[in-house]
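The active site, nucleophile annotation in TrEMBL covers B:C91. Annotation source TrEMBL lists active site, proton donor at B:H168. Per TrEMBL, the feature domain 'UCH catalytic' maps to B:6-229. Residues or ranges marked as site 'Transition state stabilizer' by TrEMBL: B:Q85. Taken from TrEMBL, the feature site 'Important for enzyme activity' applies to B:D183.
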Amino acid sequence: METKIKVKAGRCFPDPNNPRRITPSDVPGEIQIVFSRDEELLHFKWVPRSGRTVEGEEFDLIVFPGDASFVRYDPDGIQLDGRILVLKFLSSDQRHFFWFQKLNNGLEPGLFTSQDTLDMRKIDRLIQTGGDLEGLTDEQLLADVTQMELDDDASPSAGESSRRGGADGGRASDFEPPTTIPSGNKSQSQSEMLEALIRGISVPQGAAAAGGSSQQRGFLTLPSLLQPSAISTVLELKPLRQKLLSNLPPALTADVKSEYEEKELLRRVLHSPQFSQATAMLTVALREGGLRGVADSLGVKLDLANAGAQGGVEIFVDSVKKEAEKEGDDDGDTAMS
Amino acid sequence: MAESGGWHTIESDAGVFTYLIESLGVQGVQFEELIALEADYLKQLSPVHGVIFLFKYQMGKNRSEAPIDGAHDMDAPNHMFFANQTIQNACATQAILSVLLNADKEQVDIGDSLREFKEFTDGFPSDLRGEALSNSDLIRDVHNSFSRSSPFVDEGTRQATEEDDLYHFIAYTPVNGVLYEIDGLQPAPISHGKCSPDEFCDKVIPVIHRRVERYPPGEIRFNLMAVVQDLRVKAVEIGDEDMLAREEQKRKEWEIENELRRHNFVGFIHELLKGVVKEKVKAGTYDDWIKQTKDANLQKAIAARKGEPVD
């Protein structure tokens, strides 16, 4: 077992008196992302801190790379006075809520410190990629989402919140405003503030936690689309091989002459850890707001016609399909060599 | 330390380290990953200039603790190269330089740039040597040229925080007849007793064994990188043609891997995806392909959540 990150956080549970709400538990705890070498699986865990054990609050979920995301819970028009985060899945409507417990340096209670944002992004990145943070600096983690943010006015359907989990947008009308605790009184002691903070956090219950009746949805990732079985046929196409080779470092392609050598090099690249990492990272980028930036840089015109229920990867693949149909067979891509 | 510009993380890999030092002008030296912690195995690679011990640990547990094994030699920095670590991401390069800058001049040619750097920092206190290293444009640029290509982001510096798991690099090398553990987070080199270059392989292995045993099983991940003579040179010296061919092949593999590490794959993935999409459209199976891929991912996700084996 290898613990990838630990972040101080508490859980949130459905309010027994009001099923429409969930309320924070005041048990000090932490989120741990743990990679199990034996199973080769990543666990999203929550454990109480300082040796406390709490019946029924243990939380240990295996996350499949690409399926789960961990994001700030930030419903439009609702002011939260706690730092709420939600663990969601592309494959189901299940949601689990947490709140950050690290002191927030006197900021307004609902505001994220840059450390909070960093912690959130790290957890998100770890569960998206199956445990890979390497090669990324904190600045990169803090920057890459905001930098590549989609223009919100371009298309509401491609916007961050709806793309992340459709569910939130659709349930907006069900919201009951959470009870907010006045936070103007600066003379409060820290423990009082913490208490107020805890009481004040309240998020709509909606599809929280339960999971049983969840609607299950499939999702796309680039590695799953670009599997060896799908690729091997297209490597027979000479024009495509040449396009691929022209997108590799010249130092690798300089001596490649025969068809056999071309295929050997491409196979080697396709099986390299560097290629795997790149497809996983690009999947995350497409999902996490990098769609527009990636598409622009490649000259791919985004097809947002059916984008409503689609994730970033699916929008991208459909757009590439439109691009491919436009190019047609003019360039002879379909001719076997 | 902020003004020194960004140091990216680099992969801990014999090919990366070897080409990194060659880019700095070092000749006739390479790295070999040690797959067993045994003196006899290490001796086969001799001459061995030093060993880099890389491990992953939880921050806060062992920072600047007094040495449990060995003793600080506070006077040593006056007679050898020792720099305090100021930048987390530079630690691999720093450990490598701790071996090379302390190596016997007759045995290792470190090249003009590193010789200049060594002379420039001669007589500096350890913290200033660390600063000088962090601020060296040459060393930083070469180091960064081996970081993974990440097309979506700008360069930046990663600062270690309390809850980070960190990689840390420690160098072991014989200097002036003493086996030193050189750790930039320590105030001074740690002496592990007398040691001639010939005794190094036998003496360093037990020291590393004791170091590893300090951690509970499963709490530490580590690997070892020996700093050795270029094995192609050695093969020529001993007249072993098979070995030469093997080592030449290994170099070729390293070069390819290094090229791929630096490569931005976005254009390649786009062309590949387009090729596959065209194929599926032409065969009339595009919609099925998308649906099947989605379903397969969903099934895997469900299986994973139930704790069943995937794939």
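Backbone N, Cα and C atoms are what each Cβ position is placed from, and that goes for glycine too.
Counting only the Cα atoms, the space from B:Q85 (site 'Transition state stabilizer') to B:C91 (active site, nucleophile) is about 7 angstrom. Calculated from their C-alpha atoms, the gap between B:H168 (active site, proton donor) and B:D183 (site 'Important for enzyme activity') amounts to 9 Å. Around B:C91 (active site, nucleophile), the same-chain residues at least 6 positions away in sequence with a Cβ under 8 Å from its Cβ are B:Q85, B:Y167, B:H168, B:F169, B:G184. Listed in sequence order, B:H168, B:I170, B:A171, B:I190 are the same-chain residues at least 6 apart in sequence whose CB falls under 8 Å from the CB of B:D183 (site 'Important for enzyme activity'). Confidence annotation: the domain 'UCH catalytic' (B:6-229) carries a mean pLDDT of 84 in the model.
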